[in-house]
Amino acid sequence: MNIHEYQSKQVLKSFGVNVPNGIPAFTVEEAVEAAKKLDSKVTVVKAQIHAGGRGKAGGVKIAKSLDEVKEYATELLGKVLVTHQTGPEGKKVGRLLIEEGSNIAKEYYLSFVNDRNTAKIVMIGSEEGGMEIEKVAAENPEKIIKEYIDISVGLLPFQATRMAYKMNFKPEVIRKATATMMKLYEAFIGKDCSQVEINPLVVTAEDDVICLDAKLNFDDSGLFRHPDIVELRDKTEEDPKELWAAEEGLNYVNLGGDVACMVNGAGLAMATVDILKYYGGNPANFLDVGGSSTPEKIATAFEIMLDGGQAKGIFVNIFGGINRCDVIAEGIQKAAQIIAEKTGSDGIPVPVVVRLEGTKVEEGRKILTDNPVKNVIMAPTMEGGAEKIVALVKEAEKNA
Ligand code: GDP
Ligand code: MN
């Protein structure tokens, strides 16, 4: 789960991390009120969206008066910001962070993420922080410093010190920098984060070390331990199909393509996405219907996949274990019925290729051959099924 910058900063502050004073604002009036309260010579007006790259896209403004705060707030609120992380459709700004300005002397980069290769947490630092960090990583990888942290002992002070020296902090701020690293690590562990990224971490002209930007990501599996974090969820930032699926207890990730798939088991679902891609298809989603499907749940999955006209074809790839093929077959019938009723049509509007194997497979196939559902074709193998659905979608596109 992602949260906004201003929320990330509140969380970090509770761990004693140094962040600028700031107040969130949802309207222009609130923005001006916030600036008045902060009473700072320079006020920063920052668009709050779940994506980085705002600086370059004009989402971070430096205001020198209340009039300017008003001007920038008016400009940013409701604006669709397109950054290199939002995709071409951009993200609409619904909130601002009004913050006191900082007297930046130098910008650094600091982050913590899980490293799957070493099964450790890696702290990543660079003296080349700011808006060009991706370029630094690509062109000057030696400027990216890594420190691997064993989770059973935590971040050790000598590691933080080593990082601070390698990042070339000047002697006056080394202790402040290491203290910041230790606290950020505490926050990472304490809140079950999957990422803590500070870019930029700045040293000010007054030799303060401040987190000027903050991006926290949380491990969804740990959220049950953090109701305070769950409360920070901003549903307007999340994919509507993924939210809908989550409410229905379906494990769904929107991949943006047009060949949808419905699979049981995460491993098989990933393999299915891969094989669709292998045959030249553009997967619409990852969907694991899980082990306890009902016909109703299957029908909902179909509705989600078809919503907005995204799916131009659906591949149902089921290996029945706990899930039974006859339940899946009934689900497909039910889906056709529900979609027919809701849209006043004669059923599922796109080709559906079904590959069933495993528990109650004969019964499942019988259900679909005895009472054929419009547009539904049976496939004996996973390879053949994937190839078939990709071909059908391509053909439909050609004819469209
Ligand atoms: P991002 O582009 O989405 O990562 O947004 P950031 O919060 O990192 O802001 C982008 C840039 O704006 C930073 O690298 C800073 O150079 C600048 N910036 C952000 N806050 C302040 C501030 O308080 N004062 C000044 N002078 N610049 C700031
Ligand atoms: Mn940033």
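Cβ atoms here come from the backbone N, Cα and C positions, even for glycine.
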According to TrEMBL, GLY53, ARG54, GLY55, GLU99, SER102, GLU107 bind ATP; so which of LYS46, LYS61, LYS92 is the extra one listed there? LYS46
Counting other CB atoms within 10 A of each CB, which of the binding-site residues GLU99, GLU107 comes out lowest? GLU107
Could you tally the C-beta atoms, other than its own, that fall within 10 angstroms of the C-beta of SER102 (ATP binding site)? 19
Would you identify which of the binding-site residues GLY53, GLY55, ASN264 has the most other C-beta atoms lying within 10 angstroms of its C-beta? ASN264
Excluding near sequence neighbours, so keeping only residues 6 or more apart in the same chain, what lies with its CB under 8 A of ASN199 (Mg(2+) binding site)? GLY52, GLU107, TYR109, LEU110, SER111, GLY129, GLY130, ILE133, ASP213, LYS215
Alpha-carbon distance [GLY53 (ATP binding site); ASN264 (substrate binding site)] in Å: 37
